[in-house]
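Input: a single structure, listed below in structure tokens.
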């Protein structure tokens with residue numbers, strides 16, 4: 001006990017994230033005797049945080065989370081040293097030297113990119129990391145110690161669900177397809193960056209036959225009345241574009257044909273004139289509080305609107321964007337906390353769903369789908385925060401044999417709610433902590449360097465300021481300290497296909513990619529490949545090498561044995577995290593110690609048929625379907 005008190009009082013702790021988990025964690029650290037705590041968080045407090053981030057009050061809305069959390073805890077623990085940073089953990093000031101001053105780092109983050117960044121800094125600084133995540137009643141805490149346990153990236157993260165463009169634009173069959181269309185295509189086209197690529201058809205019926213001087217139908221004409229503009233957009237996307245799709249008869253041989261919907265079909269002349277004038281003065285000028293539902297006197301977000309009501313919401317939300325938030329148009333992106341944006345996307349998705357014979361959904365349901373929301377539970381955050389502190393104390397005492405990865409289950413199984421599992425050894429194939437080369441299959445004659453940078457280096461490898469080299473030849477570098485000639489040279493390289501770079505990248509080439517801030521280097525072997533499956537490989541390239549693939553026959557055999565009720569001594573639970581910091585809980589076969597046998601049984605019962613990606617996004621939690629790699633063998637830490 002004396003040892004525990006001394007290591008706790010003498011520890012210097014870094015917390016990253018002061019949201020749902022962070023508030024509970026800071027309180028628990030202070031009450032557990034920790035004397036020197038540093039907190040980094042770039043967010044400000046929102047109204048939606050107040051139902052569970054208990055250190056914050058209404059008067060704090062708009063203020064820094066880290067600063068307010070610090071001030072709140074100092075009121076009941078004034079002797080504790082707490083330093084707050086209202087900043088992004090990826091800022092250059094938080095480098096390896098900064099991390100080296102701490103005895104342990106505790107993560108309560110909300111996205112995969114930041115988690116990977118912190119993982120790499122902890123590895124470079126040789127500082128232990130305790131990771132965490134929650135979603136609803138589910139949660140987890142994992143321990144990562146360099147050379148002793150898996151690092152955060154030792155297991156591949158399930159990719160977020162993506163949908164082929166052709167399905168979204170032409171043949172939707174699920175409501176989520178309509179949401180993606182309304183959010184990522186229509187909303188982005190009307191209110192977002194006009195220069196961004198968009199797969200919506202911009203040709204009107206007037207200009208469909210002309211290939212020259214194509215006028216974008218989504219552009220509002222000079223002096224055009226907003227209601228006329230709204231009806232023109234409505235008729236184009238829900239009427240003309242559907243008729244255009246129907247003209248390809250081959251597409252609909254084995255599918256139900258959609259029905260074109262025009263504004264005159266869903267709004268009577270009286271409603272068309274009234275729309276936008278019903279209680280229109282009730283809409284305030286306070287950006288995010290503007291609401292089409294309020295303007296039209298519609299109150300219940302759980303009601304499923306009729307086609308006519310959805311159409312009225314569509315027109316009214318469009319009108320309000322232009323009349324009340326005109327200055328934002330051209331720079332908007334969808335935000336689940338933006339009421340007007342949610343109303344527009346819900347209405348547009350429902351109208352498209354009606355056209356394709358897909359059941360309509362309420363605004364409440366549509367918001368959940370568009371924002372990937374599973375509502376947070378404060379109790380889960382409190383449990384997870386307590387577990388983080390328990391593991392942090394073990395790390396500070398260097399009590400390696402007692403380290404545990406602990407999972408919080410939704411339903412107690414055999415009287416167990418918390419399931420501890422011994423950590424695993426580092427993955428020898430991990431490209432981060434074991435520096436194993438990766439393999440990239442790519443069409444080197446079609447793919448440009450910028451495709452490689454955006455889709456692989458940044459999106460897959462999580463590098464923020466990459467340097468890309470072939471041997472001693474520098475192909476690309478990102479940073480603020482580059483001169484104009486270098487920037488121009490690198491920008492020119494980005495537009496070239498790989499095989500036509502000054503140092504050509506072809507099959508057999510090895511590229512070295514480095515991030516100086518993370519002190520992380522990765523080698524990638526290039527393999528040329530001509531064709532890719534658009535549905536299964538939408539990026540047009542395939543990165544592999546961080547885990548050994550499992551054969552189809554092995555996976556089928558393994559899944560069958562698990563689903564039929566595997567022997568309890570052969571089952572363990574794996575949790576990996578995804579794009580937004582999430583946990584994917586799944587069942588794997590392997591021998592574990594008797595002390596974990598009961599926990600494994602609980603896990604098998606809890607997660608036999610379902611896998612989750614869980615994320616604490618500080619407002620609500622994301623749950624996405626994911627697939628863990630059932631064939632990857634992992635050794636328990638000795």
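Cβ from N, Cα, C; glycine included.
Nobody curates TrEMBL annotations by hand; they come from automatic prediction.
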Item to check | Candidate ranges 508-527, 528-547, 548-567 [criterion: TrEMBL lists as region 'Disordered'] | outcome: 548-567
Checklist outcome for this item: Listed in sequence order, the residues of the same chain lying six or more positions from residue 154 (Zn(2+) binding site) whose CB sits under 8 Å from its CB are 424, 426, 427, 430, 432, 433
Next on the checklist: Using Cβ atoms only, which residues of the same chain lie under 8 Å from residue 166 (active site, glycyl thioester intermediate) while being at least 6 residues apart in sequence?
Outcome noted: 534
Checklist outcome for this item: Within 8 Å of the Cβ centroid of 151, 154, 430, 433, the other same-chain residues by Cβ around the recorded Zn(2+) site are 123, 150, 152, 153, 426, 427, 432, 434
Next on the checklist: For the C-alpha pair, I'd like the distance in angstrom between residue 110 (ATP binding site) and residue 151 (Zn(2+) binding site), rounded off.
Outcome noted: 18
Checklist outcome for this item: For residue 151 (Zn(2+) binding site), the number of neighbouring Cβ atoms whose distance to its own Cβ is within 10 Å equals 23
Checklist outcome for this item: If you measure between the CA atoms of residue 17 (ATP binding site) and residue 151 (Zn(2+) binding site) and round to the nearest Å, you get 19
